[in-house]
Amino acid sequence: MLLFRADMSFAKEYKFLTEIGIEPRNYGCFVDGSWKGSGSVVSSVNPANNKPIAEVVEGSYQDYEEGMQACFEASKIWMQLPAPKRGDIVRQIGDALRAKLQYLGRLLSLEMGKILPEGIGEVQEVIDMCDFAVGLSRQLNGSKYFCIEYDSYIIFKIKKDVHESPNHMMLEMWNPLGVVGVITAFNFPCAVLGWNACIALVCGNCVVWKGAPTTPLITIAMTKLVGEVLVLNDLPAAIFTSFCGGAEIGQAIAKDTRIPLVSFTGSSKVGLMVQQTVSQRFGKCLLELSGNNAIIIMGDADIKLAVRSVLFAAVGTAGQRCTTCRRLLVHETVYDSVVDQLLEAYKQVKIGDPLGKGTLLGPLHTRASRENFEKGIKVIKSQGGKILTGGSVIESEGNFVQPTIVEISPSADVVKEELFGPVLYVLKFKTFEEAVQINNSVPQGLSSSIFTRSPELLFKWIGPQGSDCGIVNVNIPTNGAEIGGAFGGEKGTGGGREAGSDSWKQYMRRSTCTINYGSELPLAQGINFG
């Protein structure tokens, strides 16, 4: 095991990290209540200047196996607690996060690169998910269908012929899966954890979490707060197990038969690999993958409202949200007006330090992301794209690029791909039907929105002949998901749904139970053995 030097210390601007348990060097695996790591030593890097923040000792397969075994054993204890008690633990986790909200949000912005209001907002989203899950913990229930010979004995007002046989009761029982694996991405390094873990925990599951390899510090800080709550309640710390590491840990989770459900957030390419691996062992996947989201502006739209919405939908998080608006479809009658107003709005975008006041556009997350942006611009130009504004990297220590608007044909191959950066394609259309066809023409199907004042178009848009996405908005942007709604998409986005009214069902297994409390043995379809 590596020994930490006593003389290691933070730069002045990083001193606040000690308030949330982050040190200049950290072990990256929370295994059965202890911090350890026997893998590579990596540096978490500030994308605004590409300078190291702190070091992390990643996990090895040996660390994973030790942690997973402890988590599996802890699941036998956790699933036996009443759901309201589990909900109370999640409530305490939310309170612990709330007490450190500002510090956590600042760390998230520092490490990921999103602006400070977004960083704080993301941590708040996890807190909100805790509150949501607490209420859910007192509502988990199955369905009970009775068929009793005497009406006076009917306990629930349900048709007597729901079950085909007399003196029988049929129940749907919902039980925990055991252990849920959660693999998260760098762009929302803790919100996606919250969507999954909060509900998984109240449903009686333990959680094994692999955070993104480039945001290890937020993984460690979040885990420390959760672990403290478990220990204070005399519960096994292994109920929540986490690992910082690379592909080796992710592959181990995907292959592990002790994990019935794996939630994966990332690219469609890697998500397909995860799905294939999990499916080979007949496990289940919850996938939240790539998005290629469109906003449609009809001729009757409130143009000012639409332009304001498009601005942050395209530029926010430096275009690194899965719900980022990447395609803007504008009716030919208002096309010039919309483009002119949007170009003027882009001039007001303040680019800079994500922790700085007034910054709207921070850096891309990594040097590789900046290089992909440059490559993407070259491809766009080669396919006939006209750069209306932006299109270049900003020479600096950090990974800053210009917010970019491109006029291009909707049939260009590059339009069908997800370029993870602040690049917006503007496309002209003539009819509503054409706009819907363009919206649905890409391999991804996450989020979409239309701006219109027409009730007729509104209901066509959200109906069977409208958008084929999982999120179908009206007069609001493609981003800004709320915890009360199911989040996820169709096609290459993976088909998974997180949060929302009935998401708890994904984290439980359902059994149909028929109980015969009589003396006869009739079977279904009229078969009777006497």
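Cβ from N, Cα, C; glycine included.
Just so you know, TrEMBL annotations never went through curation; they're auto-generated.
What TrEMBL says about this protein:
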| type | residues | note |
| --- | --- | --- |
| DOMAIN | 40-511 | domain 'Aldehyde dehydrogenase' |
| ACT_SITE | E288 | active site |
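Around E288 (active site), the C-beta neighbours below 8 angstroms that are at least 6 residues distant in the chain are V192, S263, F264, T265, C322, F487, G488, G489, T493, G494, G496, E498. In the three-state DSSP classification, the residue listed as 'active site' falls within a strand.
Summed and averaged per residue, pLDDT over the domain 'Aldehyde dehydrogenase' (40-511) gives 94.
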